[in-house]
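> My structure is below; once you've seen it, I'll send some questions.
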Amino acid sequence: MSVLARNEIASAARIVVKVGSSSISGENAGQIAPLVDALATAHGRGAEIVLVSSGAIATGMPYLQLDERPTDLATQQAAASVGQNLLIFRYQDSLDRYDIVAGQVLLTAGDLENPSHRSNAHRAMDRLLGLRILPIVNENDTVATHEIRFGDNDRLAALVATLIKADLLVLLSDVDALYTRPPHLPGAEPISHVGAGDRLPGVEFGASRSGVGTGGAGTKVSAARIAADAGTAVLVTSTALVAEALRGDLVGTWFEPSAGAPTLRPGSPARQTTQPSGSPVA
């Protein structure tokens, strides 16, 4: 199969962009506008864009007078119920500047494990993109249980990218690239390129430092491998560099896609639930 090269990013036809809770909630809520600016620019040149956005729980927390992310499932679901509505409103309010309409898509891991549900999700997403709608995808926290969760939206983004056969997956975080060790430590070096099948030997895994999300650099590496192994190119960079990333500038960490990706059986990606124990802080 034909795969996207790094110097072809600006011509990618179908792109999935994932943004995390810490990048668009709380004091960083103002980053929604520049994120939308970058998405709208790519949309304007003809690309089909899907946004996978975390942040429902983090957005809902202040309205439930919660200072920290809740640990019990019921309160997480309540915060997500309040926050998801507000999050979509904020995105649509910003997209209105470009006359782009957002479509909300909420999924659980069970949806992508069930062949019928998976087929329905693929058909709906395809139709939304054909209508030039910008789908905004999140995990359906209100109904998801611990047994049917993706675990993090990096994984969800990778599965969505494989579902719709995206050319490119962009995983955004608070740091500009993956590093060989936590970037605040001496000797940390950015990783610019990861070849197909490269297991990143020597990379140190540390703990995620965000208090509002569930992902970290380790989950991004795991998600990037899922997508790259399925033939989708992956770029990991910061939310602040999303415009440069979609323009094709040499930013972030590039995961080279596999040219000989196997055909995925319905539901098979969602069963890849092994979670990394830490994260090479991205």
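Positions of Cβ are set from backbone N, Cα and C atoms, glycine also.
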> Need one residue: from Ser53, Ser54, Ser222, Ser238, the one TrEMBL lists with Asp141, Asn153 for substrate.
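Site partner of Asp141, Asn153 for substrate, according to TrEMBL: Ser54.
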> Sequence order is fine: just name those binding-site residues in Lys18, Ser173, Asp174 with a Cα within 10 angstroms of Asn153 (substrate binding site).
Lys18
> Considering Cα atoms only, can you say which of Lys18, Ser173, Asp174 is the nearest neighbour of Ser54 (substrate binding site) among these binding-site residues?
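Checking each of Lys18, Ser173, Asp174 against Ser54 (substrate binding site), the shortest Cα distance is to Lys18.
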> Looking only at Asp141, Asp174, the binding-site residues on record, which one has the least crowded Cβ, with the fewest other Cβ atoms within 10 Å?
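Asp174, out of the binding-site residues Asp141, Asp174, has the fewest neighbouring Cβ atoms within 10 Å.
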